[in-house]
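Per TrEMBL, these features apply:
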type	residues	note
REPEAT	7-41	repeat 'WD'
REPEAT	49-90	repeat 'WD'
REPEAT	91-132	repeat 'WD'
REPEAT	133-174	repeat 'WD'
REPEAT	208-249	repeat 'WD'
REPEAT	252-293	repeat 'WD'
DOMAIN	346-589	domain 'COPA/B second beta-propeller'
DOMAIN	638-781	domain 'COPA/B TPR'
DOMAIN	861-1217	domain 'Coatomer alpha subunit C-terminal'
Amino acid sequence: MDLLIKFQSESERVKFVSFHPTRPLIIAALHDGEIQLWDYELKILLTKFKKHEGAVRGIDFHPTQPLFVSAGNDSLISIWNYKERKHLYYLEGHTDYIRTVQFHKEFPWILSCSDDQTIRIWNWQNRTCISVLTGHNHFVMYAAFHPNQDLILSASLDNTIRIWDFSGLRLKYSSLENQSDFSIGANTLSQLQKNLFGNSEVELKFILEDHEQGVNWASFHPRLPLIVSCSDDRTLKLWKISDSQVILLETLTGHRNNVCAAIFHPKEDLILSDSEDSTLRIWSLDKKINIKTFSKDDNSFWCLANHPTESLFAAGHDKGFILFKLSKERPAYFPLERNILFVKNNSIMNYNIKDHSQNIVSKSSQKIDQKNLFGLHYNKYEKLMLLEFNDNFELIRLSTNETNRSHRGSGGSCIWISRDKIGVLSQDNKILLKNLQNQITKTISLPDDISTNTPKEITHNLGKITRIFAAGFGMILLRTVSKIYLLDIQQKKILSSISAKRIKQTIWSEDMNYLALIGAFEIIICDKKLKQIATIEEKIRIKGYCWSKSNVFFYTTLHHFKYCLSNGDYGIIKSIDKCIYLVAVDNNAAFYFDRIDDGIRIMLFDSTEVALKSAIINNKMEDVVPLLRNKTITSRAFIEYLTKHGHPEIALHFVQNEKTKFELALQCGDIQNALDSAKKIDHRIYWQNLAKEALKQGNVDIVENCHLRNENIYGLIFLYSITGNFDKLSKLPKIAEMKDDLLSHFQAALFLGSPEERIKTLVKSNQLNYAYLTAKTYGLTEEAEKIQALIEQKNKNVPDQFEPKSKELITTPTPILHQTNWPLLTVSRGITYSTFAKDNVIEDDKPQENIVIEGEWDIPELEESKTENQIQTNEPQENEENDWIDGNEIDLLEITENIDKSIDSSQKSEKEIFVAPIHGKMSHESWIGSSNIPAEYVAAGHFKTAMDLLNSQIGIVNFNPMKNLFLSLFLSAHDSLQAFPNIIDINYENCDQITKKTFSSPFTIQKMKKLIQEALNLTTSGKFLESMKIFELILVQIPLMILNDPSEVNEVKKMIVLSKEYLSGLKLEQKRKELQNNPKRSLEMSCYFTHCNLQLNHLILSLRSAMLLSLKEKNHINALSFAKRILELGASKDLSDKARKVVVYCEKNQSNAYQLNYDERNPFVLCCYSFEPIYRGNDSVDCPYCGASYLPKYSNQLCNICQMSKIGIKDLKGLTLLKKI
């Protein structure tokens, strides 16, 4: 049994917590007067409520309404609406602190208790007190309604527990509800008030007086006639209640301080209690003993609450509250083709998906701990079931003939390696291969045994293996903190890996081609070579998951049923209203476990969309056809999905909206459907887009149709010109003239080559000068004279005659193709097209007719047949100039001579001026530029600038350790070669001789790695002083490095952290050795040394030293802890044997001679000046460079680790070493 913390908050002391019965909400009452409302699934604080003066001590959600009630030190009961986030009203009557409040499940009542020694029942609807219960003679600490009986339980500091019967109040309230307002006369109301304040409806039934001190809490069992109470006498008492008496069954002891709260587990035979001794204890209701204790150091617990329907608990303490479970609820199962194997009541059950039948396939001779069962692994060849627990496994043969004996073995996670071999992960990072008799046949040590066949960078970073998963026979998936590795057992080789943090489970598809890596909030889909396909991140915990036969991954969160396809696309299938653990999906049926029953349930869903998407991405069009015929999917998201995956022709058949259908038709090149939609829409933009697409396909008829619809004369001019339809082109000027569109008229005249029409257009636009010049140019004397007269009438000057430079006639474009659509290849429409051809009457074989729009502009000339055919040829006529004649060829010699003349003239015009060359930059000046790397400034000789940079980046104030390195770095960047007398020496700079910008620092990452390895070797040899000198040298040299690869930045950060950890640990050890006359302090420092982040071999040595010193000083509890840690880390055989002996000895002598300032369970960092622990939650300051931690009193002092930076400086830029490329 473990305390599985699901969520924890940080705040002031929490005095009371309450769960919402149906929503994932929890509300906390704080000692500072604040009320916090949390969503514990999303782990966010929704809102805060502030109205009370002083501490809030009691709080409760209404079971159905969006209300909650609170009360506290101000003696007021507050009613709130959390949905509208506002305070509604107060209930006043108590005269002292109110301890608890609670809504009744049926009636509009609130129960409250107070330090004024009374218990009150309120009607929150009419805001009146309907009953006052008196009898306690001290503070009433707790009061609660019975879950289903007319009883009230109260606990008081007068050492008593009282049970009250309010059945009379229920009857009276029910009778009053049935009466009308007018039937209650004055006498009735008077009698009602008398009865209410006289408490005749609530009777005291029992008084329990066995506690020696004040009682803080008492709770009813939700199902059994039991009561549990807790007191300041540090005990819990278990009572049995009947109609006539209450019997004390047991007194539970174990808490070391006042017990603040105690409740029953709603589903199991357990009692939970918490206390001011900072512990939360679990008690067995059957055995009446404490079976588990969880501590939270320096945090007293004050309250407990359980969820009304789920096995979820909350406990308030001094610094917030924790939300937890006592055991996992996810069932273990194994999918086997069309069957599901699972455990129920010490039996292996088989559920058949096809016929929904369930039967027992094996019974275990020993009890199966389902709460700690992590997984099931079935061997179908040997018919053996492997049950995986936390630290052991069990092997059961499936046979219904008799009760089967099981074989147990120790180890971490386990899987089947072959039909007769089991792979077990041991605590010392080894994979043990065992046969069916639980005998070890082979051992694989990681990473030693795989180093020869695996690249060094993989084995070097392999780290601790935390779990193994199945990957088929002969293969294993290894899980580390940050990665998953695929290991081949036979070759002893890691084949591939993938980055994945906090993976809890893996599941393979049925064909073993896809793998899903499951985390709490993340799913990674990859192929069998661990190549990542998709990553899905959820904000709510992932609960159930499985693969379908079509390689669709289904999973559930607390609120949704979702899917993910093999290409990474995912979506929501439906919402769900409870937590389900999905185990299998077959067609439209999902099979799952829930938290109510151990059996498998079925949930039906619409699988059409998932099946269709899966068939499309797998290109299984034969599966698409029957799904498409139903036409049940018409959502816009699905249309976008089809279009995104290159199937707009399929999406076209689902669309009813003509605009969407038009866009899809254009995407798939279906001009006919696009034309049909354009006719129905009849909008300018759609005709324009259709014309563009039709022009790309060479469909001249539809292009013409679109331009006619839009009255686009420019488009028609272009179309008729390139297709040679001069008959229609000749009619466009007349149409433009009727439309009074002068620009189109002029454009058409240009393409027709008609100067008369151009002159006509220019005259209409009052461009008389241009019209006159055009007429004169083309020899139209009569037209020129008429225009000249018009110019003179307006008293303007007639343009002068001129001679054009080139007397060439501008001819109209000559078309290549004449009035024909482009020829199209016949292509297969595909199976989906033929499916819909029957419904949509799309005929492939019917020839496309020419489209003629009649009466569009009411121009009868467009429908007239041609009387003459204008025949044009490309052969030159006698009176025409031939373009192939030399007269139009380019005279290259003449052009060359003209160019030479222009060059000569430009050169003669320029003066003979001498320009001296500009002084260039030295190489070291190019190094710095806009650089922020200190080493480049040091190399360039700018020591002061480099020091300022180091100060602003990492707060260095003491540069004495870097003095020699500055000089070495500068000298390494420069060299000088002595020349002959009276000649300047030749200077050489260590840089790229081409760019002059790249300087190479002598302090490279390779040299740092060698220094670190040397220091580690010296540490192993026990030469601490020499090792410390090298680590100090590393910290001094790192700020003067220059990095070119971004991946090296993280390596350097790790080097800084490693150096800091070893320096702090080694200095601590040196300081300890000086304290020969202070054994307590020496022992404390030895304990602190074991918490430095050292390499495994050094950590084991520190633990060995601390264990032996603790034994010597007779601190057996500490020695026991260190011995267990040595065994967990997998030390050598000799040391492990010694540690086991220490464990046996210290378990018999669990005491400490010295009370140390050391708590191994409370995380802490070490102050590197005082060498004292700084526990989590306490203030500390850090060195801005090496990260060493210190107590706040050492702020602004020099760091004791790096000896360079000032402690506690903030808002620094951070060390810059990476060279910008």
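In case you wondered, yes, glycine gets a Cβ from its N, Cα and C as well.
In TrEMBL, annotation is done automatically, which means it is predicted and not curated.
Residues of the repeat 'WD' (91-132) grouped by DSSP class, helix first, strand second and coil last, total 0 helix, 25 strand, 17 coil. Remote same-chain residues near the repeat 'WD' (133-174) are listed as 96-97, 99-100, 102, 104-105, 107, 111-115, 117-121, 192, 195, 199-209, 211-220, 222, 227, 229, 231-232, 239, 241, 246 (criterion: CB distance under 8 Å, separation of at least six residues from the stretch ends). Using a Cβ-Cβ cut-off under 8 Å and counting only residues 6 or more beyond its ends in the same chain, the repeat 'WD' (252-293) has close neighbours at 1, 3, 216-222, 226, 228-232, 234-238, 299-309, 311, 313, 315, 317, 326. Residues 138-139, 141-142, 144, 146-147, 151, 153-163, 255-264, 266, 271, 273, 275, 283, 285, 288, 304 of the same chain, all 6+ positions outside the repeat 'WD' (208-249), place their C-beta atoms under 8 angstroms from a C-beta of that stretch. Using DSSP to sort the residues of the repeat 'WD' (7-41) gives these counts of helix, strand and coil: 0 helix, 20 strand, 15 coil.
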